[in-house]
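Features of the protein shown, as given by Swiss-Prot:
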SIGNAL    1-26  signal peptide
DISULFID  CYS99-CYS154  disulfide bond
DISULFID  CYS117-CYS169  disulfide bond
DISULFID  CYS124-CYS131  disulfide bond
CARBOHYD  ASN132  N-linked glycosylation site
Amino acid sequence: MMRTLITTHSLLLFLLLLQLLQPLQFQDMYYEDFYFPVSRTEEDFEDFLVEFQSTGPTRPPTKEKVKRRILVNPGMPLGDSGYCNYQIMRKNVYYKYSCVTEHYFLLMQYDELEKTCYNRFVPCKNGIRKCNRSKKLVEGVYCYLTEASNLPMCQYESFYRRGYVLITCTWQNEIQKLIPYTINDIVEPPNHRSLLNEDGVFVISP
């Protein structure tokens, strides 16, 4: 019990210190999106602690978790070379005590992303699993881990992407509907003239 209290309070102080250490210009411009602003509830923080410290299976995704970790608002330029380093730390995108090897941020509304779950299946980038592809072009950033040091100082290279997002989805019993699970890729449109029909299939114009 004592060990849990010490760990909990230490992590809380650590997260508060991170927010204080953010550059002042970032605090002014993007403060409303911070992962643990004052408006967050105690339940949000406890939920984060359970997931971060857990040694068991990863918790199933939720709508709020997807919105918090994947979706971003306009503000910081998507082409900024430090985009991933800033957003990964700000949104606490880690896997337990490790840096994630890759991650995607999408500039879109959750409802639009959720609709993608009901689009036609297409091959994922690994050619094995089935993915759903968006019907519209989406802007986003692909983050690739280049240096893994002690948390939270994970270093990433940022790549701006504009294309069709590939996602996997999972069924959530509580709300009886499909919700986004993982972002598989952002596929840039081909150079030749093309379009997507209503089924999400590429139709090549002559």
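The backbone N, Cα and C atoms fix where each Cβ goes, glycine too.
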Nonlocal residues around CYS131 (disulfide bond), in sequence order (Cβ under 8 Å, 6 or more apart): PHE121, VAL122, PRO123, CYS124, LEU166, ILE167, THR168, ASN184, ASP185
Alpha-carbon spacing, CYS154 (disulfide bond) to CYS169 (disulfide bond), which is rounded to whole Å: 27
Cα-to-Cα gap, CYS117 (disulfide bond) vs CYS99 (disulfide bond), nearest whole Å: 27
Residue pair CYS99 (disulfide bond), CYS169 (disulfide bond) - Cα distance, angstrom, rounded: 23
Position of peak Cβ density within 10 Å, selected from the disulfide-bonded residues CYS117, CYS124, CYS169: CYS169
Euclidean distance between Cα atoms of CYS169 (disulfide bond) and ASN132 (N-linked glycosylation site), Å: 8
Entry from the disulfide-bonded residues list CYS99, CYS154 having the most other CB atoms no farther than 10 A: CYS154
Local backbone state of CYS99 (disulfide bond), from DSSP in three classes: strand
